[in-house]
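Novice: My structure is below; once you've seen it, I'll send some questions.
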């Protein structure tokens, strides 16, 4: 997946990263056969595979069957002896909130975002109160006034993930608590930070009834060198 990703967050949140080795205490060793795992790949980053033989503590090689139809002997790192990450059940793939996944680790996150982006053309995904966005490098018809009105007054979890949902949550808390709110937009260069900030400002200008929506967007773009 070549698209850049950014995160829009108001509070940082940590998640546990389980892998096969950490599950040995709650799974019978004989049940590990046919378990689906993720293994590193130089081209695809991560590949899905299935265990063909029970794992026993001390084994140095795992016999795997790749989704492409090939069998593979996967040699464990002799230093770390770390086992592959477990793959989530298919029923959970494509969830709009990453915290709903049984296993939350790098390959699970990337796969879920990939499925949502490629199969469903969805660029936004929640991770708890964090919004993960993928830059599609094209204009999408999901930022019009009708969409703004749909998110206005709604709770963050009641609607599909969207920058407008984050903006509405900040706007609602500001009006209710009469306290300043912060939206942190982070990501690599080209991930879409400035555009995301512009859409958030467009939302604020629209729901507040401001007549200078265009001027607000222009000010955001003009402040880009300072933000960078």
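The backbone N, Cα and C atoms fix where each Cβ goes, and this holds for glycine too.
These came from TrEMBL, pasted as-is:
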DOMAIN    32-84  domain 'Myosin N-terminal SH3-like'
DOMAIN    93-228  domain 'Myosin motor'
BINDING   187, 188, 189, 190, 191, 192, 193, 194  ATP binding site
Novice: If you run through the domain 'Myosin motor' (93-228) with DSSP, how many residues end up as helix, strand and coil?
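Specialist: Residue counts for the domain 'Myosin motor' (93-228) by secondary structure: 72 helix, 14 strand, 50 coil.
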Novice: Tell me, how many other CB atoms lie within 10 A of the CB of residue 189 (ATP binding site), whichever protein chain they belong to?
Specialist: 7
Novice: Whose Cβ, among the binding-site residues 187, 190, 192, has more other Cβ atoms within 10 Å than any of the rest?
Specialist: 192
Novice: Near the Cβ of residue 193 (ATP binding site), how many other Cβ atoms are there if near means within 10 Å?
Specialist: 22
Novice: Considering every residue in the domain 'Myosin motor' (93-228), what is the mean pLDDT value?
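Specialist: Across the residues of the domain 'Myosin motor' (93-228) the model's pLDDT averages 88 on the 0 to 100 scale.
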Novice: From the DSSP assignment alone, can you count helix, strand and coil residues within the domain 'Myosin N-terminal SH3-like' (32-84)?
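Specialist: Computed counts for the domain 'Myosin N-terminal SH3-like' (32-84) are 1 helix, 24 strand, 28 coil.
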Novice: Counting Cβ atoms within 10 Å across all protein chains shown, which of the binding-site residues 188, 191, 194 comes out on top?
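Specialist: In terms of Cβ crowding, the pick is 191.
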